[in-house]
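Participant: When I checked Swiss-Prot for this same protein, it listed these features:
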REGION    4-194  region 'Large ATPase domain (RuvB-L)'
BINDING   Leu33, Arg34, Gly75, Lys78, Thr79, Thr80, Glu141, Asp142, Phe143, Arg184, Tyr194, Arg231  ATP binding site
BINDING   Thr79  Mg(2+) binding site
REGION    195-265  region 'Small ATPAse domain (RuvB-S)'
REGION    268-344  region 'Head domain (RuvB-H)'
BINDING   Arg304, Arg323, Arg325, Arg328  DNA binding site
Amino acid sequence: MLFCLLRFCYNSLMTRILDNELMGDEEFAERTLRPQYLQEYIGQDKVKDQLKIFIKAAKQRDEALDHVLLFGPPGLGKTTMAFVIANELGVNLKQTSGPAIEKAGDLVAVLNDLEPGDVLFIDEIHRLPMAVEEVLYSAMEDFYIDIMIGAGETSRSVHLDLPPFTLIGATTRAGMLSNPLRARFGITGHMEYYTDIDLTEIVERTADIFEMTITHQAALELARRSRGTPRIANRLLKRVRDYAQIMGDGLIDDKITDKALTMLDVDHEGLDYVDQKILKTMIEMYHGGPVGLGTLSVNIAEERETVEDMYEPYLIQKGFIIRTRSGRVATAKAYEHLGYRYTE
């Protein structure tokens, strides 16, 4: 039992339990849990309601759906939504990512493999090289590409017609997309953090699929501490299940859930030691701010991009920090949460 607890704590230190990026051993589980159609997809109602109309209209006209851009923090279901769209359209989905397409030839190979109406899903589309992106413009707009074959005096341009297709791009950093690329997406979907109610339903669905016994109150408590992110909720559920198995009788109730998450340093607002370190640094070293993002990153020994993409969005969404022109500022809520006295 002691070994299990030590291993539990060790894992929580080596890998941040609240990281909203996909971990290596979670890909199979995510595929298992993935809904197939919009009616099975929990949450993101605004995006779903729009897609229902656009998909139905495209099918009635027997046309390819307009290109779709899905943006928002990691772990909110952008990849899942892409698969759902393809299923709703009744077409194949070809999947790749921005970093995997290093040169124009890589993109041409992918495009040349598409059938009429297919969905091409490009994750991390903001990381496409500019040379590749420029080839994509005509492919998206007019369904053709012109490519250069050969080199020097023997080089020649080849025109290649493409079947109508739907490009679905996913990004965590929509601001990094160039204006010409962004303008070619006819449909945009902002994936937002999930409500506690939606996350509770997701937790209960996951528990049912994996034959776990969980009370509704425990599912709600887990949802509240999952940072509005299904990926994190499902990860925490597995760790709470382990705790219930070793330290209890296997039943996941609210008491077991609280003990397990407390052991993992996940507090009642869904903050972990890194989040708290950010807030404490702002309060103790800079009197609450304003403090620049670069300065803050150096003080907590994290990359600037990591703080900006992984930690800051949730802290802002929960009202613990605000952005100003002069830098980040800790709010009264942050002081109160950490037990500091707040003064104007």
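Cβ coordinates come from backbone N, Cα and C, glycine included.
Please go over these features one by one and say how buried each is and what sits next to it.
Facilitator: Secondary structure from DSSP puts Tyr194 (ATP binding site) in coil. The Cβ of Tyr194 (ATP binding site) has 24 neighbouring Cβ atoms from other residues within 10 Å, across all protein chains displayed.
Annotation note: Thr79 (ATP binding site) sits in a helical segment as assigned by DSSP. If you take the C-beta of Thr79 (ATP binding site) and look for same-chain residues 6 or more apart in sequence within under 8 angstroms, you find Phe121, Asp123, Ala170.
Close to Arg325 (DNA binding site) in the fold, though at least 6 residues off in sequence, lies no residue with a CB less than 8 Å from its CB.
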Participant: Quick one: Cα separation, Arg304 (DNA binding site) versus Gly75 (ATP binding site), in Å?
Facilitator: 20
Participant: What is the separation, in Å, between the Cα atoms of Arg328 (DNA binding site) and Leu33 (ATP binding site)?
Facilitator: 37
Participant: Let me make sure I understand the span of the ATP site: among Leu33, Arg34, Gly75, Lys78, Thr79, Thr80, Glu141, Asp142, Phe143, Arg184, Tyr194, Arg231, what is the greatest distance between any two Cα atoms, in Å?
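Facilitator: Between the outermost Cα atoms of Leu33, Arg34, Gly75, Lys78, Thr79, Thr80, Glu141, Asp142, Phe143, Arg184, Tyr194, Arg231, the distance is 37 Å.
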Participant: Gly75 (ATP binding site) to Arg323 (DNA binding site): how many Å between their Cα atoms?
Facilitator: 23
Participant: Quick one: DSSP breakdown of the region 'Head domain (RuvB-H)' (268-344) into helix, strand and coil?
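Facilitator: Helix (H, G, I), strand (E, B), coil: 42 helix, 9 strand, 26 coil.
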Participant: Check the Cα-Cα distances from Arg323 (DNA binding site) to the binding-site residues Leu33, Glu141, Phe143, Tyr194 and tell me which is shortest.
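Facilitator: Closest by Cα distance to Arg323 (DNA binding site) among the binding-site residues Leu33, Glu141, Phe143, Tyr194: Tyr194.
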